Amino acid sequence: MSGKQVVILLGSVLILGCLQVAAATETDNKTNDFVATDEWQTIAEGQAIPRGLHVRINLQTGLKEAKLLDESERGTSLQSQPDDQNARESHDDNEPLALDYKPDIIEESIRRVKEQKKSYAELRKAYKEFQKNFRTDGELIVQLIDQFRNFSRTPLESEMRSKLDCLENLEYLLHQIDNALMFIDNGGLDDVLLPIVVNDTSTSLRVSAMRVLGSLASNNPKAQIKVFEKNFGSHLAQILTSSGNVGEISAALHAFGALLRKFPLAQQRVLSTSGTQALIKVLQSPDVELRSKAKVVTLISDLVLEKRSVLDVSKDDPEASSTMAQYVLLDFESWLKTPGYCAAVDTVLTKEFLLLLEQPEVVEQFATALETTEDMCTSTWSQSSGLRHALLTVRNRYANSTDEYRLEVSQILAKLCERLFNKPKHTEL
């Protein structure tokens with residue numbers, strides 16, 4: 001064989017070898033491609049994966065796994081960053097898997113952070129403004145008292161709205177016991193309420209002031225004492241005697257009751273003089289509405305029941321002897337009978353019973369008062385044919401009602417009529 005033939009043979013062998021190596025390499029690359037399924041599969045080190053797979057990485061072991069996305073998982077997968085084949089081929093096999101870069105998500109996140117920062121800054125500013133303007137109840141009360149002191153001594157129409165607003169705020173604040181005492185300690189009775197109740201010509205202001213008075217005295221023994229010491233009892237009695245305004249009478253009754261309830265000394269001093277006469281004058285007035293008259297008999301009934309309750313409890317409580325002694329002095333029977341309480345109630349019910357037919361709550365108030373004061377008025381009421389007619393008319397109307405409350409009131413009236421007239425069989429009108 002010549003040398004030329006040997007060279008040709010060796011060249012052919014080399015070419016064939018290269019082709020085999022290239023084919024093997026291509027086969028290896030194909031077998032090394034990641035084929036995704038619906039199950040999790042381990043990703044080999046350096047192994048490329050197609051886009052759009054669900055990828056998870058164990059941060060402790062470094063194990064990477066991937067699978068096809070479910071429909072509910074679209075848009076949540078980790079994906080390799082290169083978009084084109086050239087970029088993927090040039091990518092280092094050892095470089096970690098990257099998230100898709102989504103400028104819109106990043107910009108949105110930045111925008112939200114800035115908005116939150118702005119909102120927080122605005123919140124801090126608003127809070128500082130709130131702190132600057134914040135006032136405790138005590139500070140508000142002192143401020144309102146000072147505001148009243150700065151009003152003109154002569155009544156000005158331009159100040160009326162401001163005065164009413166001040167009184168409305170005080171009525172709300174003084175329901176609390178401590179606030180009421182702070183108002184009193186800072187001169188509120190002398191500088192605000194007393195001048196209005198005694199001297200002011202505005203009915204609206206007097207009504208508002210008496211509401212404030214009732215608010216601060218209700219269930220507040222220390223405040224009741226201060227109000228009593230300022231002689232508000234007599235001033236309220238005068239208003240009840242002379243006023244014909246429905247709102248003013250209602251407000252005066254509220255303040256009057258707040259002063260007297262659970263305060264036997266005030267009851268003795270006020271009711272033994274002008275107080276009882278003032279209440280009965282309200283009952284006798286043809287210009288006063290029935291609801292206000294119901295408030296009068298309710299107050300009288302409450303005070304009579306209060307005395308009875310205290311005396312009953314004190315019998316078994318030696319420590320209550322001083323309280324009992326104060327209530328023993330209360331002679332409601334003579335205070336009520338002398339100015340004509342029994343006759344006044346008789347007249348109200350006899351003349352206005354038709355109005356009671358549609359006011360069961362008012363009927364109950366009168367029925368309770370009749371029961372409470374029955375002992376001192378039996379001789380008058382049992383002989384009154386007008387009263388009997390009125391009570392039986394209302395009772396019969398309510399007895400035929402389908403309303404449960406009216407039925408209960410009718411039963412109360414039936415028992416009352418039986419005791420007063422002792423003729424249960426007579427139900428004719």
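Every residue gets a Cβ built from N, Cα and C, even glycine.
According to Swiss-Prot, the features are:
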- 104-135: coiled coil (COILED)
- 75-84: compositional bias 'Polar residues' (COMPBIAS)
- 85-94: compositional bias 'Basic and acidic residues' (COMPBIAS)
- ASN29: N-linked glycosylation site (CARBOHYD)
- ASN150: N-linked glycosylation site (CARBOHYD)
- ASN199: N-linked glycosylation site (CARBOHYD)
- ASN400: N-linked glycosylation site (CARBOHYD)
- 70-98: region 'Disordered' (REGION)
- 426-429: motif 'Prevents secretion from ER' (MOTIF)
- 1-24: signal peptide (SIGNAL)
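Mapped onto this structure are the features recorded in Swiss-Prot.
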residue	record	Cβ contacts under 8 Å, 6 or more apart
ASN150	N-linked glycosylation site	none
ASN199	N-linked glycosylation site	none
ASN400	N-linked glycosylation site	none
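Restricting the average to the motif 'Prevents secretion from ER' (426-429) gives a pLDDT of 47.
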